[in-house]
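Trainee: Take this structure, written in structure tokens, and hold onto it; I'll ask about it next.
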Amino acid sequence: MSSGCRSVGGSTWGNWRGDGGDLRQRRVLSPVCSAPAAGSWIGSQLGNVGNLLATPHPLGKPASSRVGTIVLACLLLFGSCVVRAVPTTPSPPTSTPTSMSTHSHGTVDPTLLPTETPDPLRLAVRESGILAEDGDFYTCPPPTGSTVVRIEPPRTCPKFDLGRNFTEGIAVIFKENIAPYKFRANVYYKDIVVTRVWKGYSHTSLSDRYNDRVPVSVEEIFGLIDSKGKCSSKAEYLRDNIMHHAYHDDEDEVELDLCRPSLQLRGARAWQTTNDTTSYVGWMPWRHYTSTSVNCIVEEVEARSVYPYDSFALSTGDIVYASPFYGLRAAARIEHNSYAQERFRQVEGYRPRDLDSKLQAEEPVTKNFITTPHVTVSWNWTEKKVEACTLTKWKEVDELVRDEFRGSYRFTIRSISSTFISNTTQFKLESAPLTECVSKEAKEAIDSIYKKQYESTHVFSGDVEYYLARGGFLIAFRPMLSNELARLYLNELVRSNRTYDLKNLLNPNANNNNNTTRRRRSLLSVPEPQPTQDGVHREQILHRLHKRAVEATAGTDSSNVTAKQLELIKTTSSIEFAMLQFAYDHIQSHVNEMLSRIATAWCTLQNKERTLWNEMVKINPSAIVSATLDERVAARVLGDVIAITHCAKIEGNVYLQNSMRSMDSNTCYSRPPVTFTITKNANNRGSIEGQLGEENEIFTERKLIEPCALNQKRYFKFGKEYVYYENYTFVRKVPPTEIEVISTYVELNLTLLEDREFLPLEVYTRAELEDTGLLDYSEIQRRNQLHALRFYDIDSVVNVDNTAVIMQGIASFFKGLGKVGEAVGTLVLGAAGAVVSTVSGIASFLNNPFGGLAIGLLVIAGLVAAFFAYRYVMQIRSNPMKALYPITTKALKNKAKTSYGQNEEDDGSDFDEAKLEEAREMIKYMSMVSALEKQEKKAIKKNSGVGLIASNVSKLALRRRGPKYTRLQQNDTMENEKMV
């Protein structure tokens with residue numbers, strides 16, 4: 001904005017000084033006029049007047065004439081300008097973008113304007129200032145030295161490659177043992193084939209065939225198979241609670257040699273007594289013929305058992321429901337066994353026979369025998385902890401690096417490009433079942449690798465450590481140190497006067513060989529004291545304490561064994577997660593190493609730039625310290641330190657004046673002058689005149705001046721915008737978007753790769769993969785055998801026949817008496833067996849609920865029969881003729897009467913009485929004969945002579961009694977009469 005009105009007459013007089021100080025005429029007259037636009041006529045005239053007044057007259061006229069010229073110019077000026085008193089509001093804005101009036105907004109309260117003096121010109125100048133719309137302004141008091149700072153000395157840049165703890169060593173990785181425990185077993189059984197053949201006149205056909213497998217008794221295995229290499233042709237087996245016998249070719253029992261069959265299976269051996277099946281056909285046609293074949297078979301097969309080893313399967317398809325580690329020893333009795341105890345037998349020091357070479361084994365073994373309903377199985381018993389192991393060796397790693405990172409161990413194996421993660425705590429092998437083999441195999445493998453590769457270059461720095469990695473992998477790790485590093489440790493020990501053997505220090509296992517390890521003392525390590533005469537009381541106390549310690553230790557061990565919960569280690573079927581972990585760790589280490597190098601270079605660069613900062617602070621301490629502290633401060637160098645004061649934020653209003661010219665005609669302000677208040681709502685007396693500094697800093701003094709120059713152009717930051725001055729006169733506000741930004745920053749956007757841990761994930765579990773098939777052969781076989789055992793021959797279902805046991809005992813007794821005794825025993829046992837069978841059958845029939853119902857029906861039927869018998873007897877007594885000869889009915893009687901010419905109405909008065917009497921005599925005679933026969937039978941049954949004599953006497957009496965029987969005539973007299 002122009003600071004004065006240009007004179008019409010174009011006078012060129014000098015300065016005018018008033019009481020208010022050296023104020024240029026154009027600055028005094030400018031606020032009197034209305035705010036003209038830049039380049040307007042009034043503004044140009046005011047500028048000309050100011051220039052005339054500022055230029056001295058060449059003729060050197062006196063000052064009085066200059067005063068008159070000034071008065072005349074003012075009169076002309078007031079004639080062309082609209083003179084205003086102290087305005088209450090700034091001039092309204094115009095449409096011109098460069099007008100100074102666009103920077104005055106709203107109505108200004110007169111109480112907020114500065115009122116140091118009642119000079120209306122000064123009030124007008126302040127009122128015409130530019131109010132800052134937004135932005136923060138600060139005022140900084142001069143530093144006095146109460147607060148001093150210094151520049152930080154150069155830093156030591158870190159070396160990131162030494163920030164992690166690495167340990168090298170040898171490792172053996174174990175996985176879950178999913179393979180079954182395999183062992184050799186012998187199967188003994190007799191194959192029975194019973195055929196039934198029908199022989200016709202010209203053909204023969206097979207009508208029935210029965211096939212069964214029966215076990216060979218353990219006694220026969222001892223006495224024949226493993227003793228002579230033979231087998232009996234007799235088969236004795238129990239089916240349906242009945243002992244059956246079968247003989248080969250239906251002949252007497254003989255001993256047959258065991259021979260190799262013509263067909264041999266791979267991985268198995270077998271021996272049998274015959275290759276043929278007997279089928280007997282007789283010479284007589286139209287009959288059934290039955291024949292029996294008994295083939296004794298011994299097979300050497302492979303047996304398998306999986307954890308928890310409660311059963312095992314044979315390659316023949318049979319499943320034995322007992323643990324292969326079951327035995328009669330203390331530790332083996334706790335194993336599973338589903339069979340009755342009499343079916344199991346264990347023999348110590350057994351020497352089996354090789355059926356091919358007919359030679360017995362040299363080394364005795366402990367042999368187990370189990371007799372199932374169909375086969376007898378034998379195998380060599382071994383201890384479970386020695387043979388079975390739930391973990392198996394997977395990889396031997398000759399170079400492994402262990403890295404401790406964020407509370408976990410990372411085992412990196414470059415040979416297989418895998419990284420395994422585990423906890424920092426060691427895994428206890430006792431917490432998993434059957435892991436005794438791990439320590440032995442790990443030690444052997446690690447020692448073998450060490451002797452081959454590292455014995456001359458490295459030493460062990462610890463014992464074997466076990467860690468359970470994610471995915472179910474057990475890592476047996478033994479750390480090592482190079483000889484050079486070990487020498488450094490040795491030198492450090494010597495320097496610190498610690499004379500220890502390096503081998504014993506780095507390898508604790510060496511102490512075990514020398515027996516120099518100091519053991520922890522306990523009451524168990526103290527030998528049992530022997531009482532003496534001098535210290536009887538002390539020895540008794542030691543004896544009691546030692547006994548308590550032994551009991552406490554035994555109790556603790558037993559409680560630990562029973563309370564310990566063993567958990568099987570499950571291993572994933574793939575290590576892709578470990579390979580991904582290795583790849584990610586490799587990328588992470590490479591990228592982080594690269595970024596660490598950049599950070600190291602950055603730190604080195606900062607140390608070098610620190611020297612530049614130290615020199616620049618001597619030139620502009622406030623700017624350097626403010627940039628360093630990221631805070632507005634005023635600074636001043638005090639020797640080798642810097643005095644600072646913190647800048648205060650201005651809460652009041654800040655007004656920017658529109659001219660940068662000072663009272664001196666040759667001197668101008670290098671920064672725009674401002675008027676401001678420290679706090680809000682301050683009165684006119686609280687206004688302060690100052691000068692705008694860099695970055696919205698307000699100086700409380702106006703000391704920044706420079707000689708006035710032509711064609712001067714300046715941009716100053718005022719709030720959040722910029723103001724443009726031309727020839728020390730405000731022109732307009734400039735938004736920051738109109739000024740192109742040149743960035744001095746070099747972007748360094750570094751982000752370290754975060755740690756990621758890959759977990760093993762299984763899309764399909766092992767159980768799902770096993771269940772994908774249509775049929776499960778193992779389950780089908782198990783169900784079939786369990787079905788047969790459950791409903792037919794399992795021990796818990798079949799009741800023991802005590803009578804059969806007694807009979808077998810009696811038969812054995814008679815058999816021991818020789819051939820005669822055996823014959824007598826057969827006769828006696830036959831009769832006794834018949835009686836026992838009858839009684840047992842009746843008892844079984846009565847115990848059956850259907851038998852009870854049948855007996856009830858029989859009782860009812862007996863009562864009905866008794867009723868009819870009683871009725872029949874009574875009928876005989878009342879009318880014996882009708883009862884004995886029911887054919888003499890009324891119809892026959894009527895027919896007889898009709899034949900004699902009588903009517904039905906006629907009575908029976910003409911009936912022949914003589915014939916009736918004869919009939920009665922005949923009936924009486926028949927009754928007597930019947931009674932006589934009964935008496936004779938009783939006498940014969942009792943074998944009594946009196947009865948026989950009485951019977952004979954009765955016969956004689958009957959013979960002589962009564963007339964003799966005369967034959968009746970062929971023709972009836974009545975019929976003859978009718979015929980006549």
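Every residue, even glycine, has its Cβ placed from backbone N, Cα and C.
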Trainee: In Swiss-Prot, C668 is paired in a disulfide bond with which of C603, C708?
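Mentor: If we follow Swiss-Prot, the cysteine bonded to C668 turns out to be C708.
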Trainee: About how far apart, in whole Å, are the alpha carbons (Cα) of C668 (disulfide bond) and C389 (disulfide bond)?
Mentor: 99
Trainee: If I take the alpha carbons of N380 (N-linked glycosylation site) and N423 (N-linked glycosylation site), what is the distance between them in whole Å?
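Mentor: Just about 42 Å between their Cα atoms.
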Trainee: Among the glycosylation sites N423, N727, point out the residue whose Cβ has the most other Cβ atoms within 10 Å, with all shown protein chains included in the count.
Mentor: N727
Trainee: Roughly how many angstrom lie between the C-alpha atoms of N275 (N-linked glycosylation site) and C296 (disulfide bond)?
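Mentor: Counting only the Cα atoms, the answer is 10 Å.
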Trainee: Hey, how far is C296 (disulfide bond) from C389 (disulfide bond), Cα to Cα, in Å?
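Mentor: About 37 Å separates the two Cα atoms.
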Trainee: Can you figure out which of C231, N423, N727 (the recorded positions) comes closest in space to C157 (disulfide bond), comparing Cα atoms?
Mentor: N423
Trainee: Among the disulfide-bonded residues listed here (C231, C389, C603, C708), which has the Cα closest to the Cα of C140 (disulfide bond)?
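Mentor: If we rank C231, C389, C603, C708 by Cα distance to C140 (disulfide bond), first place goes to C708.
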Trainee: What's the CA-CA gap between N749 (N-linked glycosylation site) and N423 (N-linked glycosylation site) in angstrom, rounded?
Mentor: 34
Trainee: Give me the non-local Cβ neighbours of C389 (disulfide bond): same chain, 6+ apart in sequence, Cβ-Cβ under 8 Å, ordered along the sequence.
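Mentor: Residues satisfying the criterion: N177, L434, T435, E436, C437, V438.
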